[in-house]
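Marked as site 'Part of a proton relay during catalysis' by Swiss-Prot on the basis of sequence analysis: Ser41, Tyr103. Positions annotated as pyruvate binding site by Swiss-Prot: Thr42, Ile198. Annotated active site, proton donor/acceptor per Swiss-Prot: Tyr129, in sequence order. The active site, schiff-base intermediate with substrate annotation in Swiss-Prot covers Lys157, and the record cites sequence analysis as its basis.
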Amino acid sequence: MKLLTASVTPFLPDHSIDFLSFENLLRFQERESHGVVLLGSTGESLSMTAKEKESLVSYACSLNLKVPIIVGVPGTSLHEASEWIHTCQSYPIYGFLITTPIYTKPGVHGQTLWFESLLNKANKPAILYNIPSRSGTTLYLDTVRSLAAHPFFYGLKDSGGSIKHCQEYAQMSSDFVLYCGDDGLWPQMYECGARGLISVLSNIWPKEAREWVEDPHHQYRADLWREVSSWLNQTTNPIAIKALLAYKQVIAHNTLRLPLSIQDLQCAESIPEIIKKMAQWKYSCAHV
């Protein structure tokens, strides 16, 4: 799985799940053979109840997609995370994305035991997620080293923004797949040893994302993708990507759940310009 899409969760204006838009989004990804990651930070999982999350996973699995489904496992409660993994075992998903514990800032021993416990329960391939900007701590190198040989440690998603740290992960073991978790850093992280991308921008540009992953050295595309990624990162994810998806009518509404708000998108007036810029992608074969 070289490319996975970190899927948004579409909501209706009353903040309930918009299942029609959700199916449209997943079919959009299926056409380009992308795996999907549900209920990560892009999917606003922390704002959803356990019942809502299960309904989303159940609905996605009922679509019989021809691409793998990976489900996010966030939180700080080991019991709740374990129960969520147990719930998901009832569905034909491919595996899990297990986030570094948020807010509690454990040391290396606590973090290692946390991941080991959840990997033992997973019984499916799992991707460990380094996201220090949200969790408050990095995914420690010693934790990765200790767990590298675990049979369910399939991959590592690195959204830490440090090329040096990415290199250290890549040099540690060939037993797991290293995924870039930042659209704009794909070329640099590929050079460091990343072999896959978990993308936010592929929600709206799945074909372009596939071409981007297959040819990270195309300078014109790299510059264009980096510019759009920079625009996206002006505000907290998934505010901007939802605005783009709604503008392009991939989803019906740009609704977010508090504490996220579409009013925090200060660059909304530039959405048509961003769409126009990405329309140049199809001419990129003339720019090498």
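For all residues, glycine too, the Cβ spot is worked out from N, Cα and C.
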Residue pair Ser41 (site 'Part of a proton relay during catalysis'), Lys157 (active site, schiff-base intermediate with substrate) - Cα distance, angstrom, rounded: 13
Among Ser41, Thr42 [recorded positions], residue with fewest other Cβ within 10 Å: Thr42
Whole-number Å value for how far Tyr129 (active site, proton donor/acceptor) lies from Tyr103 (site 'Part of a proton relay during catalysis') (Cα to Cα): 15
Recorded positions compared (Tyr103, Tyr129) - the one with the fewest other Cβ atoms within 10 Å: Tyr103
Same chain, 6+ residues apart, C-beta under 8 Å of the C-beta of Ile198 (pyruvate binding site), given in sequence order: Leu4, Thr5, Ala6, Val37, Ile127, Lys157, Tyr179, Cys180, Gly181
Rounded Cα separation (Å) that holds between Thr42 (pyruvate binding site) and the residue listed as 'active site, proton donor/acceptor': 13
